[in-house]
Amino acid sequence: MNAYSLAVISAGTFFLTALLCGVWKYVQMVDSETGQAHFYVDTAHRASLMYAFACVLIAAFVNISQLGATLELVATALLVIYFGIAILTYILQGFKGETDNQVHRASGAVRVFMWTLIGAEIGGFLILFYGVITALL
């Protein structure tokens, strides 16, 4: 699989996840006294939508970039893997319904994970953005 295919398939997967989370959100809104879904059900829905379109942007960047195929694939994989983990975490928090802030009083392992997420997402994007800039200038 190449980086472009990974980004496009991820976009479709995340968009489908958003549609399914939208149904879940709607059901919770109808059943809720306040008319609102749980915070993390709403977050999973919105994040899935945003990450779907982020993957379309990533696919466009990969298409323009002239970097090596392996480097583009690694950068893309870092982004979409962490996007997927974030969405799954939001879905799990929505099912559990125990918190509206998963990082408040987080364990050391969660903090380490969050820093790896930050590094992977920013680093992966910077690689692809560099590829776009060097291809266009």
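Every residue, even glycine, has its Cβ placed from backbone N, Cα and C.
Record features (TrEMBL):
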- 6-27: transmembrane segment (TRANSMEM)
- 48-67: transmembrane segment (TRANSMEM)
- 73-92: transmembrane segment (TRANSMEM)
- 112-133: transmembrane segment (TRANSMEM)
Contact between the transmembrane segment (112-133) and the transmembrane segment (6-27) (3 or more Cβ pairs under 8 Å, separation 6+):
no
Using a Cβ cut-off of under 8 Å, list the residues of the same chain at least 6 residues beyond the transmembrane segment (48-67) that approach it.
2-4, 7-8, 10-12, 14-15, 17-18, 21, 76, 79-80, 83-84, 86-87, 125, 127-132, 134-136
In terms of Cβ proximity under 8 Å, which residues at least six beyond the ends of the transmembrane segment (73-92) contact it?
1-3, 6-7, 10, 13-14, 17, 21, 40, 43-44, 47-48, 51, 54-55, 58, 62, 102, 117, 120-121, 123-125, 127-128
